[in-house]
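See below for the structure under consideration.
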Amino acid sequence: MNDLIDDFLHFLIVEKGLSANTIKAYERDLHYFVSYMDTSRTLTDPDTLERNDIVGFMAFARKEGKSPRSVARYIASLRSFFHYLMHDGKMSHDPMIQIETPKQAQSLPKVLNLDDVEKLLSSSDTSTPLGLRDQAMLEILYATGLRVTELVKLKMDDLHLQMGFIQTIGKGDKERIIPLGKTATTVLEQYLEEARPKLRRPKYRNDFVFLNHHGQGLTRQGFWKILKGIAKESGIEKPITPHTLRHSFATHLLENGADLRSVQELLGHADISTTQIYTHVTKLRLKDVYKQFHPRA
């Protein structure tokens with residue numbers, strides 16, 4: 001079974017061109033299923049899988065405390081895997097028939113108000129190279145709506161500061177050109193001039209924009225650790241995740257009159273329905289404003 005999973009992952013890399021993070025997610029999901037089957041019964045041939053095996057796996061995942069979102073992702077990964085095996089002639093039937101994806105409550109993105117954004121963006125210690133780097137990263141995230149993966153993968157050739165934009169390769173290897181505001185440009189230029197040269201190390205010749213204290217490119221996990229520290233320092237009580245500034249970027253644009261198609265393009269969403277969730281956020285925030293300030297609310 002593990003060999004078949006390896007073949008599938010290779011197919012996703014070579015034929016589908018999926019990102020490393022997506023490949024890892026598929027790998028984790030499928031090996032989680034295999035580990036369950038190892039405790040359930042001996043599985044040597046995927047063609048012996050039945051609907052009851054999938055139902056049992058879903059029950060097992062729920063019992064382990066997996067969220068409906070996680071279970072839905074497992075089911076999606078298995079569907080893709082079995083479809084590949086059937087197309088490749090390694091399975092003759094689909095055990096996923098009549099398996100329904102668990103319904104998920106749609107959670108709205110967590111968004112910071114403008115005061116909290118200011119607190120967060122001013123909480124880095126800019127007297128140090130690492131502090132300047134951190135402020136520049138946060139300013140760019142809020143100014144552009146980049147995903148964290150896109151941020152840490154930025155290279156020097158992606159910056160076009162004199163022209164006022166940056167370019168990035170997003171999901172599906174799609175290139176985006178994103179304007180960069182004056183504040184973010186100023187902070188980024190200061191980081192590049194004063195801090196980045198101090199973080200570079202001769203042994204690591206890379207052109208990543210944002211470097212760690214070893215002179216290597218930052219990872220998503222490294223950024224997450226940095227963000228947690230800054231969020232704590234800011235005193236903001238709301239939970240803040242790496243996606244919070246992206247959500248805030250989109251919501252604040254819509255609140256100030258940006259059209260949905262433009263926000264979709266800036267975020268790099270393939271489907272506008274993904275962007276539409278932010279319109280629900282702005283409606284809820286308008287209701288809060290109404291309740292707070294209208295005399296008869």
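Here, residue 1 is simply the first one shown, and the rest follow in order.
Positions of Cβ are set from backbone N, Cα and C atoms, glycine also.
Pulled from Swiss-Prot, these are the features on record:
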ACT_SITE  R147  active site
ACT_SITE  K171  active site
ACT_SITE  H243  active site
ACT_SITE  R246  active site
ACT_SITE  H269  active site
ACT_SITE  Y278  active site, O-(3'-phospho-DNA)-tyrosine intermediate
DOMAIN    1-86  domain 'Core-binding (CB)'
DOMAIN    107-291  domain 'Tyr recombinase'
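Taking Cβ-Cβ distances under 8 Å and a sequence separation of 6 or more, the neighbours of H269 (active site) in its chain are T275. In this structure the C-alpha atoms belonging to Y278 (active site, O-(3'-phospho-DNA)-tyrosine intermediate) and R246 (active site) are separated by 11 Å. Here the domain 'Tyr recombinase' (107-291) returns a mean pLDDT of 87 for the predicted model. R246 (active site): 22 other CB atoms within 10 A of its CB, across all protein chains. The Cβ of R147 (active site) has G170, K171, H243, R246, G268 as same-chain neighbours under 8 Å, each 6 or more residues away in sequence. In the three-state DSSP scheme, H269 (active site) falls into the coil class. Neighbour count (other Cβ atoms within 10 Å of the Cβ, all protein chains): 25 for Y278 (active site, O-(3'-phospho-DNA)-tyrosine intermediate).
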